[in-house]
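Taking it in order: structure first as structure tokens, then the write-up.
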Amino acid sequence: MRGRSEGGKKKPVIVLLCVASVVLVFVYLFFGSSNHKAIEYGRKLGLGGDDDDSTKKDDTSSSFYVEDVVGNGFTPRSFPVCDDRHSELIPCLDRNLIYQMRLKLDLSLMEHYERHCPPPERRFNCLIPPPPGYKIPIKWPKSRDEVWKVNIPHTHLAHEKSDQNWMVVKGEKINFPGGGTHFHYGADKYIASMANMLNFPNNVLNNGGRLRTFLDVGCGVASFGGYLLASEIMTMSLAPNDVHQNQIQFALERGIPAYLGVLGTKRLPYPSRSFELAHCSRCRIDWLQRDGILLLELDRVLRPGGYFAYSSPEAYAQDEEDLRIWREMSALVGRMCWTIAAKRNQTVIWQKPLTNDCYLGREPGTQPPLCNSDSDPDAVYGVNMEACITQYSDHDHKTKGSGLAPWPARLTSPPPRLADFGYSTDIFEKDTETWRQRVDTYWDLLSPKIQSDTVRNIMDMKASMGSFAAALKEKDVWVMNVVPEDGPNTLKLIYDRGLMGAVHSWCEAFSTYPRTYDLLHAWDIISDIKKRGCSAEDLLLEMDRILRPSGFILIRDKQSVVDLVKKYLKALHWEAVETKTASESDQDSDNVILIVQKKLWLTSESLRDLE
């Protein structure tokens with residue numbers, strides 16, 4: 001009897017343990033183990049803005065719960081807040097993800113710096129918090145030379161590169177004297193020296209507008225690109241998320257065009273014949289590896305007659321190893337039909353040929369080979385590099401160059417590559433005029449909320465032919481033109497207009513740090529990704545990640561999409577600024593314009609730091 005009585009007492013305990021186990025398993029499956037690690041549930045948010053007390057606390061809980069149902073999904077009243085250590089999260093360039101997923105990558109090929117996006121179950125569906133004490137960024141043009149230290153609390157480069165004048169910490173700010181590894185005395189003097197080497201008029205590197213788009217590989221904090229802006233040269237400053245700690249984040253905080261990327265195994269997200277000049281100042285790249293594949297990738301993106309400016313010990317040092325590298329590089333570029341345009345002191349500038357004549361005149365079996373005729377040089381998203389030379393089109397060969405007008409006429413001149421899409425000059429001109437009118441409308445709606453210097457970094461999430469960016473020419477802004485990878489690859493038209501951008505899939509996160517853009521333009525992009533079966537909610541969270549606090553989003557989409565976005569405003573801490581129906585004369589007259597502003601909010605930990 002005694003044993004049976006004790007067994008009877010144990011049964012309820014066992015049942016309770018089983019029920020508790022089931023509940024825990026359900027919670028684990030619902031929230032996802034990887035997401036839970038990144039989130040502190042129930043944290044408080046402090047909301048603030050330019051007109052608010054930044055230390056005012058809000059009672060909004062960051063724990064997730066459902067307000068109502070939209071279609072087959074849920075609309076949250078609030079999103080959880082990511083842990084503070086994720087304040088600089090770049091989902092597709094997250095080394096913690098690489099470790100957790102045990103990806104087998106070849107470090108010697110820089111694969112660990114390439115894009116590796118999380119599967120849906122590993123996404124951090126939470127709001128990225130700003131760092132403690134975050135301030136609205138300093139406005140352009142002052143931002144070129146100084147940023148708030150609290151916004152990017154990384155001073156490693158200031159100490160490591162102290163002898164090269166990259167950056168200097170001064171009180172609450174980080175200053176940028178304009179130095180670099182091979183231009184300690186200033187990027188402006190270095191740029192003028194390069195122009196002088198090429199005998200360009202007045203030592204101006206744009207050569208009367210003939211040179212407009214540059215690529216700076218291993219750009220550091222992008223002072224080279226920042227100082228080129230004064231010469232009306234647009235530079236895509238490129239560097240990986242590596243041990244140099246946040247160099248691209250500094251560049252974007254300064255208001256300088258920049259992109260996180262690496263010369264590894266995949267093609268750069270730019271079409272062929274995009275840049276007039278590529279630049280490498282001691283970028284520590286082994287150009288001879290894998291049959292010169294990295295140099296051939298630069299060759300692919302350079303225009304006919306384009307330049308490669310190379311400042312490195314190999315160009316001038318006399319020790320045995322540097323001399324060996326110089327001999328082998330010289331032989332390689334010679335077989336690629338490059339010639340030396342100028343060489344002085346520490347810098348050599350090579351030039352590509354203007355036509356296919358040299359390529360076709362090489363001896364049979366010469367390496368590197370010409371690319372196969374069926375190889376598309378403009379296919380770039382997730383495409384492996386090829387160790388071959390891309391020939392010019394018949395048009396470029398016959399015209400002995402790209403046939404582009406000098407800047408600024410280039411912006412509104414029909415690009416020669418329009419014919420690749422079957423677009424006429426009339427279509428191009430109508431598109432340019434349509435977006436001029438639309439941008440005028442946008443600025444009329446925004447003007448009560450912004451000053452002339454409020455906006456600097458802009459992203460057009462579906463850029464088409466780049467006419468949105470073209471309409472902003474007279475404003476002191478720059479535009480990252482994004483062309484979705486599943487549509488017409490019109491990015492080459494954008495580069496031919498003297499603008500810049502990248503190919504991307506909005507089903508994935510963009511290669512940039514959080515809080516790097518002042519304004520996002522979302523034309524039909526939410527509708528498009530829903531058609532692809534991707535998550536509109538994920539896209540909205542990604543837009544929030546890359547938008548600066550107090551920044552704006554211009555949404556131009558169908559009424560149903562605008563209604564959906566409005567349901568997320570509170571959860572995302574966005575505020576609707578203006579709503580307007582498109583003009584009846586507009587070709588997208590069924591579109592609705594919604595302008596939202598991201599509020600500045602701080603976590604409770606940040607607020608305590610301010611007290």
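Just so it is clear, glycine is given a Cβ too, placed from its N, Cα and C backbone atoms.
Listed in Swiss-Prot:
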TOPO_DOM  1-11  topological domain 'Cytoplasmic'
TRANSMEM  12-32  transmembrane segment
TOPO_DOM  33-611  topological domain 'Lumenal'
CARBOHYD  ASN345  N-linked glycosylation site
| task | Within 10 Å of the Cβ of ASN345 (N-linked glycosylation site), how many other Cβ atoms can you find? Include all protein chains, please. | result | 11
| task | Translate the DSSP assignment of the residue listed as 'N-linked glycosylation site' into the three-state scheme. | result | coil
| Tell me, what is the mean pLDDT of the topological domain 'Lumenal' (33-611)? | 90
